[in-house]
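Structure record follows, encoded as structure tokens.
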Amino acid sequence: MPENRSYNDELNFLDKIDANTWRIKKGFVPNMKVDGFFYVNDLLEKLMFDELRQHSRAAGFGGFLPAMKQIANVAALPGIVQKSVGLPDVHAGYGFAIGNLAAFDMSNPEAVVSPGGVGFDINCGVRLLRTNLDERDVQPVKDELAQAMFDHIPVGVGSKGVIPMGARDLEEALEMGVDWSLREGYAWAEDKEHCEEYGRMLNADQSAVGSKAKKRGLPQLGTLGAGNHYAEIQVVDEIFDDYASQRMGIDHKGQVVVMIHSGSRGFGHQVATDALVAMEKAMKRDKVLTNDRQLACARIHSPEGQEYLKGMACAANFAWVNRSSMTFLSRQAFAKVFNTTPDDLDMQLIYDVSHNIAKMEEHISFQLSTTLLVHRKGSTRAFPPHHPLIPVDYQLSGQPVLIGGTMGTCSYVLTGTEKGMEQTFGTTCHGAGRAWSRAKSRRNLDYQEVLDRLAELGISIRVASPKLVMEEAPESYKNVTDVVNTCHAVGISKKAIKLRPIAVIKG
């Protein structure tokens, strides 16, 4: 990598293509096979370039590389096709930036799979449940409802699940995904239809998962965890697309919904950690070179690549069972407070999307249909109307895409577009994206002030670790509306619904 290249020298490799699109040209980092691209508006653009400027001044010392460098390093991986893409919520992460997606040609024997392109929280994702309740029904019992959710769902760093499960159950759940939840009575038949991959990755093989991962996962099923994970009671604030909203069962402002954001907990983290160790050895054996050690990878068809994909699929299934379990517990909490059944409250699952995953998909590449391994890290699948992999209910409106905001700010529901299939392998943003590091948030914000501000906004909050609440304060993140509007302007997704929180449950 060029030593201490000045900020102005770096700019020579960056081209602004239109109001929202930048290209990172080959040469920005060594060995780039394809160009990098990123999508921003003026405000998000400033954040990206400030990060690059600081990195140039520090002569490359410090924590993670800037997101632009990470997007470019991914463009240097073997077997990548077309481009490495940074979405508007992109920010520095481990290996891949969070909000970075890339696709690799499955027919190319050199092509790789990289755990850093999926992340440690495999299938961290979001699901949205609708209800037939109105804000006026919920406001008088908002605190009681928040407390009931907090009591029903185990939250926080070391939280243990309440879903009874032995080692055999776990192994079955890892391979069956939502089908396990359905069999055990924790999910409704309709839930499965409204999950990405129908809630089950078929290539999952529990024998590919080490005992340490299973040991970590067993007590954590049906738990929310900490960090940016949450359950929120939200209200429909704005409807941008009447038809798409009606397909989802959302027909008026003020309708109450529930959003659950969680992943594969310690289980997914261990699967990723184990794979990185195995892949470092495989890279030496197969002489695979990368620009960044954090981009440890293995050829897709190598034993290590296949083992990781099987283990990753298990972690994805774990996360779907986890969110299904929390859906069951949320339905119970609502039923208790309103003294009725979840059925009578019409607590149907609108959709469940993954934000951290690698999947084999058919895409048109150079006018040919090609099987690609699409790595989506901090990004969301967003397939258009008529795509064969989305449910019948959404065939005419496009796949729902769930975008969680930050604590106390709005969230969005988008739909996938044809342009997204062409530009970003059917992918859009996943949320707000961090603007400050967790350490900076803790230094600059007071947790009591953050909690008081939420109370002033009329948001009922229950937090297991209040002293960590600054890390998730709105100031710590980019503005989710900027992110969503940029994706809408570029045309890779379309706005359908805006949601605002009235109660937040956090780890």
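Cβ atoms are placed via backbone N, Cα and C, with glycine included.
There are 25 other Cβ atoms within 10 Å of the Cβ belonging to Asp121 (Mn(2+) 1 binding site). The Mn(2+) 1 binding site annotation in Swiss-Prot covers Asp121, Cys124, His229 and is backed by sequence analysis.
Using a 10 Å Cβ-Cβ cutoff, Cys124 (Mn(2+) 1 binding site) registers 26 neighbours. Swiss-Prot lists Cys124, His261, His355 with the feature Mn(2+) 2 binding site, giving sequence analysis as the kind of evidence.
According to Swiss-Prot, the feature GMP binding site maps to 228-232, 355-356, 404-407, Ser411, 430-433, Lys506, an assignment based on sequence analysis. According to DSSP, Ala231 (GMP binding site) sits within a strand segment.
Positions annotated as active site, GMP-histidine intermediate by Swiss-Prot, on the basis of sequence analysis: His430. In this structure, His430 (GMP binding site) belongs to neither helix nor strand by DSSP; it is coil.
Considering only the binding-site residues Asp121, His229, Thr406, Gly433, His355 (Mn(2+) 2 binding site) has Asp121 as its nearest partner by CA-CA distance.
For the pair formed by Asn228 (GMP binding site) and Cys124 (Mn(2+) 1 binding site), distance between Cα atoms is given as 10 Å, rounded to the nearest Å.
Note: the Cα of Cys124 (Mn(2+) 1 binding site) and the Cα of Asn356 (GMP binding site) are spaced 6 Å from each other. Classification of His261 (Mn(2+) 2 binding site) by DSSP places it within a strand. Less than 8 angstroms from the CB of Gly433 (GMP binding site) sit Pro88, Asp89, Val90, His91, Ile98, Gly99, Gly378, Tyr477, Lys478, Val483, each of them six or more residues away in the same chain. Nothing from the binding-site residues Asp121, Asn356, Thr406, His430 places its Cα within 10 Å of the Cα belonging to His261 (Mn(2+) 2 binding site). Taking the binding-site residues Asn228, Asn356 in turn and counting surrounding C-beta atoms within 10 angstroms, the largest count is reached at Asn356.
The binding-site residues recorded for this entry are Asn356, Thr406, His430, and the Cα of Thr406 lies nearest to that of His229 (Mn(2+) 1 binding site).
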